[in-house]
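**Student:** Structure in structure tokens, see below.
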Amino acid sequence: MKTIYLIRHGESTFNVAYDNKVDPYLFDARLTQVGENQASQLSEHVMEHLKDVELVITSPLTRALETTKRSLSKLLESNSNIKCIVSPLHREVLMTSDDNGRERSIIEKEYPEFDFQSLEERWWIPEFCPELKSDLSIDTHKVFMKTPFRESESLFLERIRQFKQLLLSRPESNIAVVGHGDFFYYLLDEKMEDIPNCKIIKWLIDSTVEPSYLNF
């Protein structure tokens, strides 16, 4: 049985600015000071609760990358055999500006300690926007502000299926995943709502045991 530890990123600037009506256009939003503090506080409990983790998988969105760096660095430094890979499969559902990422060539320079091999250059662009994916002269932010592109439900659900399959196919038994609230909500079959920032959910994948928060 695989044990998956799901961690939602810390509070982002978009979380603070968005009122569910008007998109503040904070593309690939970073953590707020509160979010940075949440990630730092989480790091104080990682060696106790995640000591058996063999692999870390993080979303490529900056708020997740920064959370991973701040909260899990002690774990990664404690054991050089623990890899941190970046997967686009569990990025947040593309609905608003902060779900638009940055090109791989940019973020891998900012986070050279992570493995970006599985990313395309424009990994967040939906399959139905091939020109936006391939033509790097196009400013995708301007396009989104003029005619927002959204990820379809079918594409999103397919990503969830693929990500679960990725977890099941990995040889590691204990995996930490840093990602996003909406994605985790549907990954867990809508069993946990309003997932707090920087809390750890213990999930025995493909088990009848309900996922639960670790207390700290």
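A Cβ is built for glycine as well, from the same backbone N, Cα and C atoms used for every other residue.
So TrEMBL has the following annotated:
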{"type": "BINDING", "residues": "ARG8, HIS9, GLY10, GLU11, SER12, THR13, PHE14, ASN15, ARG63", "note": "substrate binding site"}
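On this model, are these features tucked inside or out on the surface, and what's nearby?
**Tutor:** Here the Cβ of SER12 (substrate binding site) has 26 other Cβ atoms within 10 Å, regardless of which shown protein chain they belong to.
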**Student:** Near the Cβ of PHE14 (substrate binding site), how many other Cβ atoms are there if near means within 10 Å?
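**Tutor:** Counting Cβ neighbours of PHE14 (substrate binding site) within 10 Å gives 21.
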**Student:** When you look at ARG8, HIS9, GLY10, GLU11, SER12, THR13, PHE14, ASN15, ARG63, which the record names as binding substrate, what is the longest CA to CA distance in angstrom?
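**Tutor:** Of all Cα pairs among the recorded substrate binders, the widest measures 15 Å.
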**Student:** Let me know the most crowded of the binding-site residues, choosing from ARG8, ARG63 and counting other Cβ atoms within 10 Å.
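**Tutor:** When each Cβ's neighbours within 10 Å are tallied, ARG63 tops the list.
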**Student:** Which are the residues of the chain, ARG8, HIS9, GLY10, GLU11, SER12, THR13, PHE14, ASN15, ARG63 excluded, whose CB is within 8 A of where the CB atoms of the substrate site average out, their centroid?
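**Tutor:** Result: ALA29, ARG30, LEU31, THR32, GLY35, THR67, ASN197.
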